[in-house]
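Accompanying notes for the structure given below.
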Amino acid sequence: MPMFVVNTNVPRASVPDGLLSELTQQLAQATGKPAQYIAVHVVPDQLMTFGGSSEPCALCSLHSIGKIGGAQNRSYSKLLCGLLTERLRISPDRIYINFCDMNAANVGWNGSTFA
């Protein structure tokens, strides 16, 4: 159930077609979880600053049941910062990513939970 959310001040017109699909496929590969369970939400056009500057920036979160922790998070950070830098032209030092390990009983899906 990985869920990746990107809040950014990058305008919608600058979000390339295929970005969500690319993020889905890359996260499926990185987490080892099926793409059919991965949700990606990119929220452009946000009023945001980072370090007092309104240059392109992103505040992100990656939620997952398991597959979250030290070395994995560093790998995800490298992957996701790289994609956001390449596709949205956001400098990696203007991206924060929060990693959240979810309890399966606290994640609902398809009328039940993952527990």
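Positions of Cβ are set from backbone N, Cα and C atoms, glycine also.
Listed in sequence order, the residues of the same chain lying 6 or more apart from PRO2 (active site, proton acceptor) and placing their CB within less than 8 Å of its CB are LEU27, THR31, LYS33, TYR37, ILE38, ALA39, LEU62, HIS63, SER64, LYS67. Secondary structure at PRO2 (active site, proton acceptor), taken from DSSP and collapsed to helix, strand or coil, is coil. The active site, proton acceptor annotation in Swiss-Prot covers PRO2 and is backed by similarity to another entry.
Annotation comment: Swiss-Prot describes LYS33, ILE65, ASN98 as substrate binding site, evidence class similarity to another entry. Its own atom aside, the Cβ of ASN98 (substrate binding site) has 11 Cβ atoms within 10 angstroms in the protein chains shown.
Long-range neighbours of LYS78 (N6-acetyllysine) (same chain, six or more residues apart, CB within less than 8 Å of its CB): none. Per Swiss-Prot, the feature N6-acetyllysine maps to LYS78; the stated evidence is similarity to another entry.
Summarising the annotation, Swiss-Prot assigns N6-succinyllysine to LYS78.
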Long-range Cβ environment of ILE65 (substrate binding site), under 8 Å and at least 6 residues apart: MET1, ASP101, MET102, ASN103, ALA104, VAL107, PHE114
